[in-house]
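What Swiss-Prot annotates here:
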- 76-88: compositional bias 'Gly residues' (COMPBIAS)
- K171: 5-hydroxylysine (MOD_RES)
- K171: O-linked glycosylation site (CARBOHYD)
- 317-327: compositional bias 'Pro residues' (COMPBIAS)
- 448-457: compositional bias 'Gly residues' (COMPBIAS)
- 587-603: compositional bias 'Low complexity' (COMPBIAS)
- 610-619: compositional bias 'Gly residues' (COMPBIAS)
- 716-731: compositional bias 'Low complexity' (COMPBIAS)
- 736-745: compositional bias 'Gly residues' (COMPBIAS)
- 787-796: compositional bias 'Gly residues' (COMPBIAS)
- 797-809: compositional bias 'Low complexity' (COMPBIAS)
- 817-826: compositional bias 'Gly residues' (COMPBIAS)
- 999-1013: compositional bias 'Basic and acidic residues' (COMPBIAS)
- 1083-1095: compositional bias 'Pro residues' (COMPBIAS)
- D1171, N1173, Q1174, C1176, D1179: Ca(2+) binding site (BINDING)
- N1257: N-linked glycosylation site (CARBOHYD)
Amino acid sequence: MLSFVDNRILLLLAVTSLLASCQSGGLKGPRGAKGPRGDRGPQGPNGRDGKAGLPGIAGPPGPPGLGGNFAAQFDGGKGSDPGPGPMGLMGSRGPNGPPGAPGPQGFTGHAGEPGEPGQTGSIGARGPTGSAGKPGEDGNNGRPGKPGDRGGPGTQGARGFPGTPGLPGMKGHRGYNGLDGRKGESGTAGAKGETGAHGANGSPGPAGSRGLNGERGRAGPAGPAGARGADGSTGPAGPAGPLGAAGPPGFPGAPGPKGEIGGAGSNGPSGPQGGRGEPGINGAVGPVGPVGNPGNNGINGAKGAAGLPGVAGAPGFPGPRGGPGPQGPQGSTGARGLGGDPGPSGQKGDSGAKGEPGHSGVQGAAGPAGEEGKRGSTGEVGATGPAGLRGARGGAGTRGLPGLEGRGGPIGMPGARGATGPGGIRGAPGDAGRAGESGLTGARGLPGNSGQGGPPGKEGPPGAAGLDGRTGPPGPTGPRGQPGNIGFPGPKGPGGEAGKGGDKGPTGATGLRGGPGADGNNGAPGPAGVVGNTGEKGEQGPAGAPGFQGLPGPAGPAGEAGKAGNQGMPGDQGLPGPAGVKGERGNSGPAGSAGSQGAIGARGPAGTPGPDGGKGEPGSVGIVGAAGHQGPGGMPGERGAGGTPGPKGEKGEGGHRGLEGNMGRDGARGGPGPSGPPGPSGANGEKGESGSFGPAGPAGLRGPSGERGEGGPAGLPGFAGPPGSDGQSGPRGEKGPAGGKGDVGPAGPAGPSGQSGPSGASGPAGPPGGRGDAGPSGLTGFPGAAGRVGGPGPAGIAGPPGSAGPAGKDGPRGLRGDPGPGGPQGEQGVVGPAGISGDKGPSGESGPPGAPGTAGPQGVLGPSGFVGLPGSRGDKGLPGGPGAVGEPGRLGPAGASGPRGPAGNIGMPGMTGTQGEAGREGNSGNDGPPGRPGAAGFKGDRGEPGSPGALGSSGQPGPNGPAGSAGRPGNRGESGPTGNGGPVGAVGARGAPGPAGPRGEKGGAGEKGDRGMKGLRGHGGLQGMPGPNGPSGETGSAGITGPAGPRGPAGPHGPPGKDGRAGGHGAIGPVGHRGSPGHLGPAGPPGSPGLPGPAGPAGGGYDQSGGYDEYRADQPSFRAKDYEVDATIKSLNSQIENLLTPEGSKKNPARTCRDIRLSHPDWSSGFYWIDPNQGCIADAIKAYCDFSTGHTCIHPHPESIARKNWYRSSENKKHVWFGETINGGTEFAYNDETLSPQSMATQLAFMRLLANQATQNITYHCKNSVAYMDGENGNLKKAVLLQGSNDVELRAEGNSRFTFNVLEDGCTRHTGQWSKTVIEYRTNKPSRLPILDIAPLDIGEADQEFGLDIGPVCFK
């Protein structure tokens, strides 16, 4: 029999397990499907004691007890009445007495549980034959029989209905031409047809009378170079010509004396973003910055390595029952059990997870190149992957299209100064940009090289006297230096103005007839004619004879532009027509190609001296004469024509700082700058409206010419530039060969035989079968309906020409014919008198580009091109190495129940117990032995990405793919080096002048002569007017990044970012320290009494005659005194009942209001005690339980803030936090007066964990203060701010997750009356509530007052 203490322990264990099951209450899930039949449970607990048997016969006396020492307990001096002594200690238990006599027959017990099935008996004798059964159900259809013999021929059937018309037949061959039909009658006049296409140009008409003078035509492009005229006699020396084009660089002079140190220039404007510099050296570790605001959730980190095993802790107390353990190892196959009852049909399982990828198949033959796919939409930016190993440098990709201009990135850290990059290849001239504002005068550049001597110019009129310049100090004359290396090209000069139009040259020989010109401009649309009635179409009449040339009709409306015709074959040279009257100067035609070199004619007799010839070819270079004295300054020459742009010069020194220009476009994105220390939390300023750009400032006055500086020494070569940025992905690689066939894996263990499943649902209809064989011809069908009208047949061959028709009406005026061939060259006319000087004409348009010059010297390597667009997707690469083993998948579902075990031995029949009361549902039994392995679990969630595998070895090169389509034209190659000039020939002697012969035909253009030697430097001309803007030069190389500016003030707090995506599961943390041992749990409930043992022998050695009968257990009659045990059990029962069904009282609090509502569904809403963190009930809190909504509401303390003028300030209005600033740093409190703030914070933290929704209201009482909507301005800029529990600010507008709603808005205007605005915030993130503070904006004046009512925070 169990003792009283044992019973209490059992009771307390039951209470503990009940507690554990009570606390783990989540939302009740849906009812699961009926599980398979379980194995037989373990033997149940023994029944209660039967009723006491009758007393047995007294046993024999027991052995004598141990003698006690009573000497110390007696006083020898007293011999009077010895009353009963004190009760001695209970002796040790005597040995078991012999069995008593059997008791009387007990009452018949209740029927026991069915015993285990007995072993199968032997097969009985065969029974008698049974009576005939009922007829069975129809069997399944038998298999089809064998085909029967072929029957005899049937009788002739009746004639069938006509068949439907057949499909149209194939198109027939073209028929022969039919005979000409007879001429039809003339049809009625048709409507006016649409204007036909322009006809071919007619033959030239007779020369018309001279027309009126047209408007002056635009200057035509320059004609081809005329033949070289005869050498004229030497003219008088002209004045100094204009400054010639820059010649090749001269030898560098010797270094001049060092100039004086100039004044410090002002800071120049920020240069363009520099190239990315080399990584700088890691700086020293800075001081620890202040704690920044919490960042967004980071991306999932890789799984950490397992930690070292910790020190073994002390053995813990028994924990609550754990969840199902992982699948155990496969047990050995048990003996086959008896067949179980058939289970119910299972529900259709979910579709299985996608299988693992199969092994790579054998490489197929290369398929044909697919069509180019559409460009996919831009994908979202992926998470930043781990940095891979640095790959080998790829080949240069094709130049991609320029991308869209990116937004300006933050200014990066100043990089180390890069070396001067090599000059790029000269680009094509861009369109002329708008005229820029005049910059400040730059520092004077290095002197340019001497230009070639220009041709002698005409003597110009004397210019106005210039202003006296400042006299510069004479510099010392340096010694003549050795010739230096050829310098870098000088800077590109400005484009000169277009020169004046030259005199009209003689008429050239008639060229070959050119191809058809481009379509002319459309003429003005003529008036639309009246539309006549549409006549019926007559048969085509024969073509009439050509009519006479009609008068020109009005111009028809412009037809649509026809496609450009193919290039016509050149026609034969026409006979020269008679010379026409000299017409007005026509528009300049395009320049003709140069004619071939004519044969050299015989030398004619010496002619009379001709007029002055053009500029002769430069003569050979004479010996360099001694330097002459400085001559007096010549007269200023006329303004010279603009020189050709010089080559690009070296980068000049930085000029003085110019005026600040307009904001430039966003620069290229810089590298990330260093993290600055977090600035102070500024208040949100109101966003100002964007200001418009100011008007451009007036052009500055031209500064005076600087003095000529001394030539500086050549600079050292710069450092090598930084490596270019990595190119984008190269084109898709060819498909690698298939991987080798993997080894065959070991055979898996045979799974257990599954039970036959239920019939599957009907499958979907299969795809349509292939086309069947043609059936036998059907009977003749009914005649079909008439077919639709067929499409027009192909055009017949053109018939023979018809007879001439009547003359047509006058046609419209023909287009202007091509110009007739030029007449023969007229004789040279007499020189006319000089005309009056005309007004200066307007500047002509830019002439056509000149012939390409000789190739310049090879340029230095240009900078890296832009990163091209991503290449097309590469073919599938080789299979990657095996990935890292993923994390274990989620626990699979429980396996199917194992086969039923063999029958156990039949137990002994138990004693019949009395019928007990129906017990409560027992606790779950201990875990049974591991079941057979379950079926494979569903595929687990994808594991975290493994760490990058080591770089695989390069695969074998794949087979050559099919030839790709032709690539785009390559970039223009670099210009080849200039060839050496040939030697100068000797100058021949001048022959005697002969008589002037007749003027010869114009010779072909001579070949271009070798470049002449450099002429002597002419006198400097006057400063020319500023030329027009030259074409935009190429973008200069990026300047050095300027030093970082001073740290700007901290920007305003940005709006809270959106919640980041939920991070992945973090790696398992290290083992924590062992917790302190928990408190001793309450004693468990007493166990059920055991079976009564046999009666022991009677004790001996104690004289019972003294009347000591206090041991109630010695005799059954004393069992009436068990009321203490009964009371204890009753008390425990009531405590367990309270745990199972909490009352919400101070002594029996519930965890949440939900527990009270589930335990007592008929109770009404009100205040109850709850203890969210469980444990000791001393920290229970009082909450309002709203059973209608399921909310647990905790009230603030205090619940209202007095209405008065809380804040006076004359500064600009800003949000002022009530608890932090106005109320002396006291936030809204939610603790009970009897609890410490720490205990309340703990309870609130558990409350947030137990809830998944939260809501709270705040009422803002106002007087002349706006709380939400500003009624005057119609915006929310004066709305209050709220502070949540996790320091998040809740606003009136912005991110919807952090905005509150308004249920009533009475505080919109300053009315002088009290009103209120009720604010509500609901969220699925309970961690944001309760509200701890409020910040009004529209306060601070003497008449502005407010107060608050803080509503309870309610969790659900």
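Each position is counted from 1, following the chain as shown.
Glycine residues also receive a Cβ, built from the backbone N, Cα and C atoms like all the rest.
Known features from Swiss-Prot, placed on the structure.
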| residue | record | DSSP (3 states) |
| --- | --- | --- |
| K171 | 5-hydroxylysine | coil |
| D1171 | Ca(2+) binding site | coil |
| C1176 | Ca(2+) binding site | coil |
| N1257 | N-linked glycosylation site | strand |
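Between the alpha carbons (Cα) of Q1174 (Ca(2+) binding site) and N1257 (N-linked glycosylation site) lies a span of roughly 28 Å. Taking a C-beta cut-off of under 8 Å and a sequence gap of six or more, D1171 (Ca(2+) binding site) has these contacts in its own chain: P1149, A1150, R1151, I1177, D1179, A1180, I1181, Q1243. Other Cβ atoms within 10 Å of the Cβ of Q1174 (Ca(2+) binding site) number 13 in total over all chains. Around the Cβ of C1176 (Ca(2+) binding site), the number of neighbouring Cβ atoms within 10 Å comes to 9. If you draw a 10 Å sphere around the CB of K171 (5-hydroxylysine), it holds 8 other CB atoms from the protein chains shown. Counting every protein chain shown, 19 other Cβ atoms lie within 10 Å of the Cβ of D1179 (Ca(2+) binding site). C1176 (Ca(2+) binding site) sits 31 Å from N1257 (N-linked glycosylation site), taking the CA atoms of both as reference points. Here the Cα atom of K171 (5-hydroxylysine) is found 85 Å from that of N1257 (N-linked glycosylation site). The Cβ of N1173 (Ca(2+) binding site) has 18 other Cβ atoms within 10 Å, all protein chains considered. Across the structure, N1173 (Ca(2+) binding site) and N1257 (N-linked glycosylation site) are spaced 25 Å apart at their Cα atoms. Other than D1171, N1173, Q1174, C1176, D1179, the residues of this chain whose Cβ falls within 8 Å of the Cβ centroid of the Ca(2+) site are, in sequence order, P1149, P1172, G1175, I1177, A1178, A1180, Q1243.
In sequence order, L1303, V1318, I1319, E1320, G1351 make up the list of same-chain residues 6 or more apart from the residue listed as 'N-linked glycosylation site' whose Cβ falls under 8 Å from its Cβ.
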